[in-house]
Amino acid sequence: MDISHDALVAFSKSWGLFYLIGLMIGVLIYTFRPSNRGKFNRAKQSVLDQDDKPWT
Amino acid sequence: MILTLTETERQVALAISVAVALCGLALAAAGNQDTMEIHGWLILAFGGICALVVIREIWGPEPPKSRLESYYDEPIKFGIAASMAWAVVAMFVGVWVAALLAFPDLTFDGAWASFGRLRPVHTSGVIFGFGGNALIATSLHVVQRTSRARLPDQLSAWFVLVGYNLFCILAASGYLLGVTQSKEYAEAEWYADIWLVIVWVTYFILYIRTLARRKEPHIYVANWYFMAFILVVAILHSINNLAVPVSLGHAKSYTIWSGVQDAMVQWWYGHNAVAFFLTAGFLGMLYYYLPIRAQRPIFSYRLSILSFWGITFFYMWAGSHHLHYTALPHWVQTLGMTFSVMLLVPSWASAGNALLTLNGAWHRVRDDATLRFMMVAAVFYGISTFEGSFLAIRPVNSLSHYTDWTVGHVHAGALGWVALITFGSLYTLVPSLWKREGMYSPALVEWHFWLSLAGTLVYIFAMWNSGIIQGLMWRTYTEEGTLAYSFLDSLRAMYPYYIARAFGGLLFLIGAVIGAYNMWMTVRAAPAKAPLESDVPLNAAVAAAGRG
Ligand code: HEM
């Protein structure tokens, strides 16, 4: 099969764009999902915990 | 340190050391007369020393079971020491090459001391030696703390750190001998590259295994950055270094890429080395040590996630801005330029997130030089990414490319951002790792801070000036349409700036030496934090635990 330069450009200009937009939408949903709010708040506080031992 | 390994691990460590030594012997034999022979002997010696270190204590007592109730920090301590040692050596070489540009006689007529050989010793030494060791050490610290889990075994982390330093030594010594692939930031030759792949894959697996053992369900964002760093560097390194050696007995190899593809692969590698080695990993440090030191949670956790995905997915496409006005297709250049400009958004989101975290803790920034290191690092991160996005615009690049402006930009990033965030993190980490109340001398941390800041400012202002003058001189035409200045004229105009740059670098080097001394004394002499938990002599305690 012969892949021409133009075909490659067209492919990257269309699908490259779609996949980045899709990725962005996915990330936005993950970030702003209300059900993740608690998890994120806990994560940001938990690094400040003073105990220096692994949990068992 | 060997006593913290289990008996089986000691045996495996010995087997690995011997295997490495034998590989060295094989290289020395195969490479007879080639520079590779010297590297063979070097590897043999390295493996031999490791084997001796292991053998000395191979029959020592098993580590107590109670070890599993604490994090495994021994290799991290080694990584910090290695990082600071490389910092001092490589920054010294940096000052040397800077001085060479003003005083070319400083090569002392030795081929090994010519600019072309010393420069990669400096760049690899600071990026991989200083930065890489600090990244591996801090990442292993952060992943354990944020996962609330101990490393899965004792040996892997040692293998990664010691093996990684073998790579760094092979790289740096090879450059002095004239061994080079001629790929910037990837100069090391094929056998060293293969070794790095083995080390790096072990590192990746170790990280994943630790994460898999986590007790904390959510993976803290700093780990995402470290993971991106490890994974992408593995990919970049493997693809950019695909090469065919002249023969198995020769150090020289030729890349499988050719022409403009080679250039594109190289700068896809080069720019993502900036992105994932010099940025993502250090952002991981920032997102952990800054909140800890400021005693405030990160300003916005959501923003840190958004900037993570922005940085990982935009940076990938930005490499072609290093190849403006070349044979690279125009649209690829434009693509790189566009993504570079877009990159400013997630970059400033991170820098802003860091500074807003400090909002409300400014009194602490004022009083605590360690926190100030991190604050200034975030500012320089903002400056250098703004500058980078600007330089990536094609017409701007036509002025800046080939000039010292690029060098100024590099060092706004490398000194102002990478080195300062590292020093801030290490000053946070060292007392806590060695269980000290604080650093040996807070006054010396202050000195280090001001020397670093002054050095960085002198350096980048000198390079901004010289770069723009250079760029303008090269594009000034006379009325007849000929160039107004010869290249030599522009070189002469650089002379004062090169001296200023060497001076700025010297200040930075002195700061790093002070920092290394201060850390050394903290380990040696600073008072311990809490009284020891038990009063039993160590050997008795170990023996008792061994019986139990
Ligand atoms: C948004 C982020 C950034 C962008 C868009 C960017 C862009 C650029 C551009 C356009 C160049 C000049 C290429 C040339 O004319 O040859 C460059 C060079 C360089 N930048 Fe950045 N930069 C960014 C951030 C950083 C950071 C944070 C560092 C950290 C140290 C850094 C390190 C370097 C290095 C080492 C070079 C020199 C490459 C060479 O040897 O030619 N950059 N960057």
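Easy rule for this one: first residue shown is 1, then count along the chain.
Glycine is treated like the rest: Cβ placed from N, Cα and C.
Those TrEMBL annotations? Automatic predictions, nothing curated.
Feature list (source: TrEMBL):
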type     : residues                     : note
DOMAIN   : B:36-548                     : domain 'Cytochrome oxidase subunit I profile'
TRANSMEM : B:38-59                      : transmembrane segment
TRANSMEM : B:80-103                     : transmembrane segment
BINDING  : B:His122, B:His411           : heme b 1; low-spin binding site
TRANSMEM : B:123-143                    : transmembrane segment
TRANSMEM : B:155-178                    : transmembrane segment
TRANSMEM : B:190-208                    : transmembrane segment
TRANSMEM : B:220-239                    : transmembrane segment
TRANSMEM : B:267-290                    : transmembrane segment
BINDING  : B:His271, B:His321, B:His322 : Cu cation binding site
TRANSMEM : B:299-318                    : transmembrane segment
TRANSMEM : B:338-361                    : transmembrane segment
TRANSMEM : B:373-394                    : transmembrane segment
BINDING  : B:His409                     : heme b 2; high-spin binding site
TRANSMEM : B:414-434                    : transmembrane segment
TRANSMEM : B:498-520                    : transmembrane segment
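Feature map: annotations from TrEMBL on the structure.
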residue: B:His122; record: heme b 1; low-spin binding site; Cβ within 10 Å: 23
residue: B:His271; record: Cu cation binding site; Cβ within 10 Å: 24
residue: B:His321; record: Cu cation binding site; Cβ within 10 Å: 27
residue: B:His322; record: Cu cation binding site; Cβ within 10 Å: 24
residue: B:His409; record: heme b 2; high-spin binding site; Cβ within 10 Å: 22
residue: B:His411; record: heme b 1; low-spin binding site; Cβ within 10 Å: 26
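By the Cβ criterion (under 8 Å, sequence separation of 6 or more), the transmembrane segment (B:299-318) is in contact with the transmembrane segment (B:220-239), since 3+ such pairs are found. Excluding B:His271, B:His321, B:His322, which define the Cu cation site, the same chain contributes B:Trp267, B:Gly270, B:Ala318, B:Gly319, B:Ser320, B:Leu323, B:Gly336, B:Ser340, B:Ala392 within 8 Å (Cβ to the Cβ centroid), listed in sequence order. Looking only at the binding-site residues B:His321, B:His322, B:His409, the one with its C-alpha closest to B:His122 (heme b 1; low-spin binding site) is B:His409. Three or more CB pairs closer than 8 A are found between the transmembrane segment (B:80-103) and the transmembrane segment (B:123-143), so contact between the two stretches is assigned (pairs 6 or more residues apart). The stretch with the most CB contacts under 8 Å to the transmembrane segment (B:220-239), chosen from B:38-59, B:123-143, B:190-208, B:498-520, is B:190-208. Segment contact holds for the transmembrane segment (B:155-178) and the transmembrane segment (B:38-59), given three or more CB pairs below 8 angstroms at sequence separation of 6 or more. Looking at which of B:38-59, B:190-208, B:338-361, B:414-434, B:498-520 has the most CB pairs under 8 Å to the transmembrane segment (B:123-143), the answer is the stretch B:414-434.
Here the transmembrane segment (B:338-361) lies next to the transmembrane segment (B:267-290) in space: the count of CB pairs under 8 Å, restricted to residues six or more apart, reaches at least 3. Ligand 1 lies under 6 Å from the Cβ of B:His321, B:His322, out of the binding-site residues B:His122, B:His271, B:His321, B:His322. B:414-434 is the stretch from B:190-208, B:414-434, B:498-520 with the greatest number of Cβ pairs below 8 Å to the transmembrane segment (B:267-290).
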